[in-house]
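Note sheet for the following structure.
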Amino acid sequence: MSAETSSIEVKPPEERQRDLPALTGMRIIAALLVFLSHVVYPMTTGNQNPTTPFKDAGVTENLVWFFSPGGSIGVSFFFILSGFVITWSSRPGRSTGAYYRRRVVKILPNHVVTWGLAMLLFAASYTPAYGLLNLILVNAYSPDPMNWGGANMPAWSLCSEMLFYLLFPLLIIPIRKIRDGHLWAWAAVAVAAMAAVGVVTLTLVPDAPVFPGDVLSLNQFWFVYMFPPVRLFEFVFGMILARIVLRGRWPRIGFVPVAALLVLGYAAALYLPPPWNLTLATSIPFGLAIGTFAKANAEGRRTVMGSRPMVWLGNVSFGFYMTQALVLFWLVPTVLGTWASFNVLGGTLLVLAYTGVNVVAGWLLWKFVETPAMKYLSRSRKRPADGPPAASAQEPRVSAQTTPA
């Protein structure tokens, strides 16, 4: 093993660089992509007018084309990140009960609060039956489109996250047994499995009725994008990448090449046909970015993504994601009276205003719901007889939950 690779591996777990601030900062970029894909899209909820603030149909069409991949690839990023972060923080012998408690507490308080607000403010009038499935996070298992949104529409992706969390203690066992020299090969297998999902979708899943404005049927879109079991491959991909970094097998890759690959991946998502544009186009660039920034943090190198402003935004990104429907479908129409349409300048300023308001909403959720819940509920009140509460089992300061579209 070279000196470079051994610099990480020789350190015992309790001395290893635990925090991954760069990955925290990266979260806000993915969350913004999801948010913008929703802001510019002329979708409606109930009997409200379209959400897009641009009155020019041509401008809206171009913006939808450019930002539409952001929703799906933002979700994919968070699924890969979840696998990476949970594996990075996992330690053999750690209590499974403590793991499950922390995972549930990280997600459910934000989810329950935003679900309740959505039902109270706008969703109960037309989704009371579907809202219950959304509350217990099983709505994404249904191929019925009426179940997909539930009450708080962005929460559908938490169905996948909960499945990931449930299966992680089982998945990590064989992944830890993979030989160092075979890790990259298994990462390639995970990517190939993502591609295979697309093949299965087009060949075995019914191709009617067709999803409005797309080439996929409703069943095909549900299977390839929303059905939690098929999203496991992204999570496992992230798990394997974490093992590669932890075992000192990650090559030194510059940030500029990583950024170039991310741009190319986004461009591929713009031009690849469904279902390949939903996850496959950016899975490798995202994986390389996550691993490269994690390696930089593990070696003590500073990055822009790990700067204080980016980390702050990353911390509020889960709240930002979970409150976006409340902002777009209740707060804005309540303040403006109707969904207003403006010229390019006015519409752009309105999008910036929406974003700022949503950041504040996300901060409120992070400050007054997520942080207190993690402080008071994520750990057992029982202390070990031989010392303080499992300090060596703490996770890095990166959240592993999602922010999908």
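Placed from the backbone N, Cα and C atoms, the Cβ positions cover glycine too.
Per TrEMBL, these features apply:
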TRANSMEM  20-43  transmembrane segment
DOMAIN    22-366  domain 'Acyltransferase 3'
TRANSMEM  63-86  transmembrane segment
TRANSMEM  107-133  transmembrane segment
TRANSMEM  153-172  transmembrane segment
TRANSMEM  184-205  transmembrane segment
TRANSMEM  225-246  transmembrane segment
TRANSMEM  253-272  transmembrane segment
TRANSMEM  278-298  transmembrane segment
TRANSMEM  310-332  transmembrane segment
TRANSMEM  344-366  transmembrane segment
REGION    380-405  region 'Disordered'
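Spatially, the transmembrane segment (253-272) is adjacent to the transmembrane segment (63-86); three or more Cβ-Cβ distances between them are under 8 Å for residues at least 6 apart in sequence. If you look at the transmembrane segment (278-298), the same-chain residues 6 or more away from its ends with a CB under 8 A from one of its CBs are 8, 16-17, 19-23, 26, 69, 72-73, 75-77, 80-81, 84, 88, 187, 191, 194-195, 198, 224-225, 234, 237-238, 241-242, 244-245, 250, 252-253, 255, 258, 261-262, 264-266, 268-269, 272, 305-306. Counting only same-chain residues 6+ beyond the ends of the transmembrane segment (20-43), those with a CB under 8 A from a CB of the stretch are 50-54, 60, 63-64, 67-71, 73-75, 77-78, 81, 84-85, 88, 154, 289-290, 293-294, 296-298, 303-307, 310-311, 313-318, 320-321, 324, 328, 351, 354-355, 358, 396-399, 403-405. Ranked by number of Cβ pairs under 8 Å to the transmembrane segment (63-86), the listed stretches 107-133, 153-172, 225-246 are led by 225-246. Tertiary neighbourhood of the transmembrane segment (225-246): same-chain residues 8-9, 72, 76, 79-88, 140-141, 143, 148, 156, 159-160, 162-164, 167-168, 171-172, 175-176, 178, 183-184, 186-187, 190-191, 193-194, 197, 275, 278-279, 283, 287, 290-291, 294-295, 298, selected by CB-CB distance under 8 Å and a gap of 6+ residues from either end. Within the chain, the transmembrane segment (107-133) has long-range Cβ neighbours (under 8 A, six or more residues past its boundaries) at 45-46, 139, 142, 146-147, 149-152, 155, 158, 161-162, 318-319, 322-323, 325-326, 329-330, 365, 369-370, 373, 377, 401. Model confidence over the domain 'Acyltransferase 3' (22-366) stands at 93, taken as the mean pLDDT rounded to a whole number.
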